[in-house]
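One structure is given here, and the rest of the page talks about it.
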Amino acid sequence: MAMINGYPVKIAGTGKYIPEKIMTNFDFEGFLETSDEWIRSRTGIKKRHIAADDEKCSDLAYRAGLAALEDAGMRPEELDLVIVSTNTPDTYCPCTSAKVQGKLGAKNAGAYDILAGCTGSLTAMLTAIGGIAGGIWNNVLVIGAEDFASVLDWNDRSTCILFGDGAGACILTRSAEGGPRFISGELMADGDKYDFITIDKEEGHPAPVLRMKGSEVFRFVNTYLPPFLKNFCEKSGVTPPEVDFWVLHQANTRIIDSLFKRLGVSTDRTLINLENYGNTSAASMVVTLDEAMKEGRVKSGEKIMFTAFGAGMTLGALLYEA
């Protein structure tokens, strides 16, 4: 774990973009052996949004980035860096962030992608924070974006019911002394379990396809995430109940309920939007952040905990004082 030293860093603005097309649980009943009740009871998901045929990951990311710039009252030329976290890029090369940087007109910004599963946007935020705190950059646009419709096997009911498309974004910038700031951050990986969630080529599929060992993922998160967060809180000088609001990766309501019970925290200290979007992976946490900010759930002076987990397997946490 690292306490964040150097220049203080704050959130200057947030945004999101959710595709128009909606796919409800009932839509799956037409071609899969499943039901709305089965999906809701096991995941908490009621519907998810699917990118249009002519929408790519970079398009979703661009729209979310525009919204964050508008929210921050910032021009694209003021950005020093654009980071896109995605597991579903437009192309292997060049990076999706370069396309977004070009579309935004962020002519003074560098660009690179981060691939870290559902932990990706938190990883990107921590990377940006380090660069701003160290004086390398002033303004960084972090985007989590996913076009999961492009990698799903629509005959695999264990995965295709879970995921949705969308993008979330935040702009991180230098803060004034005594103002809002990130306090600490930590990442963890257990690469021995790398095959729990994969997107890879398979015979019979023209494009890479997502596979997930759901039971193993559930056990991993329930085993490792609660002690990871308790330890992170202790090293950061807080207890889980002292955290005012939690911004979580939205994967499964069972996981969220179990986590909060283990931490001794009430679920009214978070925002759960999983029922509307499904698991949007790297986009999930920043979409949730945007909605929490817009709904006034993040209040000045309060301590905000960001946490995510994902393929790798990876875990991450960030503590913020708003």
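Cβ coordinates come from backbone N, Cα and C, glycine included.
Database features, via TrEMBL:
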ACT_SITE  C118  active site
ACT_SITE  H249  active site
ACT_SITE  N279  active site
DOMAIN    112-191  domain 'Beta-ketoacyl-[acyl-carrier-protein] synthase III N-terminal'
DOMAIN    233-321  domain 'Beta-ketoacyl-[acyl-carrier-protein] synthase III C-terminal'
REGION    250-254  region 'ACP-binding'
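Structure with TrEMBL features highlighted.
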residue : record      : CB count, 10 Å
C118    : active site : 30
H249    : active site : 33
N279    : active site : 24
Between N279 (active site) and H249 (active site), the C-alpha gap once rounded to whole angstrom: 8
Near the region 'ACP-binding' (250-254), which residues from the same chain, at least 6 beyond its ends, have a CB less than 8 A from one of its CBs? 42-44, 118, 162, 218, 221, 272-275, 277, 279-280, 284-285, 287-288, 309
Give me the mean pLDDT over the domain 'Beta-ketoacyl-[acyl-carrier-protein] synthase III C-terminal' (233-321), rounded to a whole number. 95
How big is the Cα-to-Cα gap, in Å, between H249 (active site) and C118 (active site)? 7
